[in-house]
Amino acid sequence: MLRGPRGHLRASVVPAAALAAALLSSFARCSVAEAGERGSSYFGTKTRYEDVNPGLLADPEAPQRDPRLLQGTCTPVQLIALIRHGTRYPTAKQVRKLRHLHELLVAAAGGGRSLAAALADWPLWYADWMDGQLVEKGRQDMRQLALRLASLFPDLFSRENYGRLRLVTSSKHRCVDSSAAFLQGLWQHHYPDSPPPSVADMECGPPRINDKLMRFFDHCEKFLTEVERNATALYHVEAFKTGPEMQNILKKVAAILQVPVSNLSADLIQVAFFTCSFDLAIKGVNSPWCDVFDIDDAKVLEYLNDLKQYWKRSYGYTINSRSSCTLFQDIFQHLDRAVEQKQRSQPVSSPVILQFGHAETLLPLLSLMGYFKDKEPLTAYNFEKQAHREFRSGHIVPYASNLIFVLYHCEDAKTPREEFQVQMLLNEKVLPLVPSQETVSLYEDLKSHYQDILQSCQDSEECELPKWNSTSDEL
């Protein structure tokens, strides 16, 4: 990576010496395209599921079972899964930025066999109508996830329980379509020789749209005012864009693309990087955009994306996570009901509950529960110190990421407290509990650990804006 001096960037085309240095740096280092799976794990929330779970996709009907999963005399009686939608197209806003970048390249293209010429000739196939919709790869993500979960928990996903599946989804089309694809995967598991009917005709019926649950952030006025609409809330994101790490990449990319530095911005660089990820995730191809960036660049751009997720959806502000209390409490209400029904020797009315949302649904909830919290906050000024950070959004919430609660009934329990136990899985791997790091918890102990959230976190209070007392003198 080029290490240029600090200071203002000149508005002229980068000189030939800088171009040569940038190209030599690219040849000397491994590009994202050449790095393969190792390089594609730096795309933040645009990361493919298989890039952080490389052993999962060999055979979805015979998935790799985590050896830490309970078995034997403990039987799973309920599964609650929060699932992020599958791979999607870029949003219309991202497409417009990409089109602008492509126009810059075409205008500056001088022909020849340079990388800039290859990028100018690379077809721009994204269109505004795509606007974040689920792609076929995203449907495949969901179908295969369904096949794996049905194979891991055959009793819960049995044909007999098919009509008792409960599905909830965000209103966004990529989530609704993800739920439909998941159901098609389950149908394929049970009826491999029969084409699936429409979701409306399936025994379990279509999913119920509930944005207050799956898009709680849109309904929390305190979050909207103090974070979403607050121009200063993402200070560290904007500061990192103008910091030395991003400015070095800006100069390097300007040299490679043979365009004036003044025509580029950190946002356009990030779009170029994401174009590499979209081409890889959607079409499975390494586009020339992947040759623009090396692994060191990828780490910087991943950190930029993580800064945004940290300050807007995670530990940056308390309201980010507290806004998800309603969803957290909803999960435990289902678990409570299942426990009560088993204690009364009744069948569990909802053995499988599937909730389809977004990265913005999962990250606040995981933060509320205390996961992936680093000793020091992520800031614009500690990039190098955070090289081994816990908070890497692409490894936590890639496309098709999932957080699963499994409630077990243990027949041979020595005490009533030990009768019901819980495990959590993140992306199909057992998630050690906070703070004990145990892989299984007594249900009552888990409730006790999160007692404050379950009893004291009320949406109406957490999301209400503070009221200021004001007085006025009457004339």
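Here the Cβ of each residue, glycine as well, is placed from N, Cα and C on the backbone.
Among the candidates CYS74, CYS175, the disulfide partner that TrEMBL records for CYS410 is CYS74. Cα of CYS410 (disulfide bond) to Cα of CYS290 (disulfide bond): a distance of 51 Å.
Neighbour counts were taken as the number of other C-beta atoms within 10 angstroms of each residue's C-beta; across the disulfide-bonded residues CYS74, CYS276, CYS290, CYS410, the minimum falls on CYS410. Across the fold, the C-alpha of CYS290 (disulfide bond) and the C-alpha of CYS74 (disulfide bond) stand 48 Å from each other. For CYS276 (disulfide bond) paired with CYS74 (disulfide bond), the C-alpha to C-alpha distance reads 45 Å.
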